[in-house]
Each structure stands twice: as C-alpha cells, then as structure tokens.
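Here's what Swiss-Prot has on this protein:
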type	residues	note
BINDING	GLU88, ASP107, LEU109	Mg(2+) 1 binding site
BINDING	ASP107, ASP110, GLU271	Mg(2+) 2 binding site
BINDING	ASP110, GLY111, SER112, SER113, ASN199, LYS265	substrate binding site
Amino acid sequence: MDTLTRFLPEHLQQNQLPEALGGVLLSVVSACTEINAKVRLGALAGVLGMTGTGNIQGEDQKKLDVIANNIMIDTLKANPAVAGLASEEEDTFVSAGENGRYLVLFDPLDGSSNIDVNISVGTIFSILEKPEGALATESFLQTGRQQLAAGYVLYGPQTQLVFTFGHGVYMFTLNAENEFVLTKEKPKVPESTKEFAINMSNRRHWLPPVQQYIDELLAGETGTRGKNYNMRWVASMVAEIHRILMRGGVFMYPQDKRDPAKPGKLRLMYEANPMSLILEQAGASASNAYQAMLDIQPENLHQRVAVFMGSSEEVDYLNRLHSK
C-alpha cells in the first residue's frame, strides 16, 4: 500500500499540480501528526479541560484548542510557500512567508467540546491561492470553488487523513510507524440514504421547512417519504462527515430563530467550505438551503452559515422545501 510520501508526488504530477502545493499539504499533515500525539495522551499530558479564555467566536476555549492552534500556526509559518493563515481561534489572519503563494484556513480542533469524554475530534483545513498584492483579509475571502485543496484529519479509533485536490477524495490511515498509508481511493456517497444527523433539541427554534423535513423523516414508512430513517448525532462535524463519506447520510446544522443576526452556527471558511468540496468530489451535495455552499461569496473571515450536506437526494429535497 502507498504511503502519503510515495503517493503525493505521483498524484501531483498526474494532475499537473505544483510541488509546492503538495508541500503545504505535508506541512498540515506534520502539524496534525503532532496534534494527534497530544490528543492521544489526553489527561496523561494534562491537556484536557478549559483555558478560562474565549475565542473570537465567543466560545470557551479548551486547552487542546489552543495547543492545536499553536501547532498549526508554527508548522505552517515554517513553510515559505505559505503566505498567510486564518484560524477559527484567531481574531484576524496571521501573516507568514513574504513570498508565499498559498493561504491556509483551518479549524484546529473541530468537536473539541467532546475531547474530555473521549469522542472523535479532528482538524479541518482549506488551501487557497494568494491573490496578487499585499496580504489582507480580502485575500482570504474567496468562494469555496476557488479552493485548491481541502481536507481533514480525524482523531478517532484510527487516525485518518482525508483530502482532495479537486481530483477525487483520498483516505489515509496512520500506522504504528507514524506514516499515513492509503486505505481508500475516490469514495462515492450514495445518492439516497436512511440516516440523518441533526441536534433535535433545537427543534423549537428551527424554521418551518426544517421542522417539516424532520417530521417527514420521523413519520417513517407510513409517511410521505415511504421509508424508515435512523438518526445519528455525535456533535463533532468531522465524525459526522466521515460517516457520511463512508456510507451516506445527511448532516444538518440549520439556521434557527434565536439570533436572526446569525444565519447558522458553523463557519463557512473553516468548516463548511472544505467539507463541501470533499463531499462534492465524492458525489454528494452541500448547500445553505438556498444556494450551493461552494458558490457563497464570503463577507468576513468568521462568517457563519446554515449547513445541509450529504446524500444528494436529501439535500436537493431540503433545497426545494426552502424555496416554497
């Protein structure tokens, strides 16, 4: 089986991609391998629990949020091809190599609310080309279609790397020698599914189309959908999307009525865009219920969006319900 270091040069050459772009991916992987070691030790290394501070999102930071964020920044800044970084945990962008060609955006530890109870978490990342001119916030505000690469590392029972350069999705598993080994090529998400993932405790806050959709699923084979569905909810986006990539399903984090100023909870640049590119490359769909996720023009680094992604039949149906 191919290791990442053997696979990557061939993949780049076959698809006429720059070697430096592959080098940025390897920097991300190096950082994630270090994060994986911290996650694995947990309480043994004293890295669990809260910091007592909050991030730009207004969320309480876990110790591992900060540790993972610092590892990503330090590792990526050491790569001269990286011009700048943007992190869910940082107020603004971070400048890097003066002559760098690439921008990297990331959620250093997605699902970190689960870390103290030993549930799967992960790192999500996106790579963009730096536009001409001085580095600024606007340099990062590109649509998801402009991503050169996207991926995630899942820290679960196995540590897995999943990424795409826009030429199919590839999955690697970390072995005992700390090498990522190719374990799945070009997975395809089934068009139809009987699984959905949503936080049902928020039902009273949802907009009517989402309430209708979930009611139809819960009605099962006697309802309008004519089949029984199972619900899943891990509260870790990386874990939810990985399951969908492996066997289908639909993941939803809809807008709700509590704060009209927030069109959703998840971040477009750090979470929704990279996951949408991966899923589209695997034959699935992703939207905010009104337009394809990858077509949304971002207005700020920390923009939030409603998220509906997974098996295309379900996402298409959700889009139709919202258009009525």
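Here the Cβ of each residue, glycine as well, is placed from N, Cα and C on the backbone.
What you see is a predicted model, and the numbers here were worked out from it, not measured in a lab.
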(request) Reduce the DSSP letter at LEU109 (Mg(2+) 1 binding site) to three states and note it down. (result) strand
(message) Name the residue among the binding-site residues GLU88, ASP110 whose Cβ has the smallest number of other Cβ atoms within 10 Å.
(response) GLU88
(request) Rounded to the nearest Å, what's the C-alpha distance separating SER113 (substrate binding site) and GLU88 (Mg(2+) 1 binding site)? Just drop the number here, would you? (result) 15
(request) Ten-angstrom check, please: count other Cβ atoms within 10 Å of the Cβ of ASP107 (Mg(2+) 1 binding site), all chains counted. (result) 28
(request) Would you mind pulling the DSSP three-state label for LYS265 (substrate binding site)? (result) coil
(request) Spatially speaking, which of the binding-site residues GLU88, ASP107, LEU109, ASP110, GLU271 is closest to LYS265 (substrate binding site)? Use C-alpha to C-alpha, please. (result) GLU271
(message) List the binding-site residues among GLU88, ASP107, GLY111, SER112, ASN199 whose C-alpha is within 10 Å of the C-alpha of GLU271 (Mg(2+) 2 binding site), in sequence order, or say none.
(response) GLU88, ASP107
(message) Other residues near the Mg(2+) 2 site, CB within 8 A of the CB centroid of ASP107, ASP110, GLU271?
(response) GLU88, PHE106, GLY111, GLY122, THR123, ILE124, TYR152, MET237, VAL238, LEU266, ARG267, TYR270
(request) Quick one: pull the CA-CA distance for ASN199 (substrate binding site) versus ASP110 (Mg(2+) 2 binding site), whole Å only. (result) 16
(message) Tell me which of the binding-site residues SER112, SER113, ASN199 sits in the most Cβ-dense spot, judged by other Cβ atoms within 10 Å.
(response) SER112
(message) Within its own chain, what residues at least 6 apart in sequence put their Cβ under 8 Å from the Cβ of LEU109 (Mg(2+) 1 binding site), listed in sequence order?
(response) ILE35, LYS62, LEU64, ASP65, ALA68, ASN69, ILE115, VAL121, GLY122, THR123
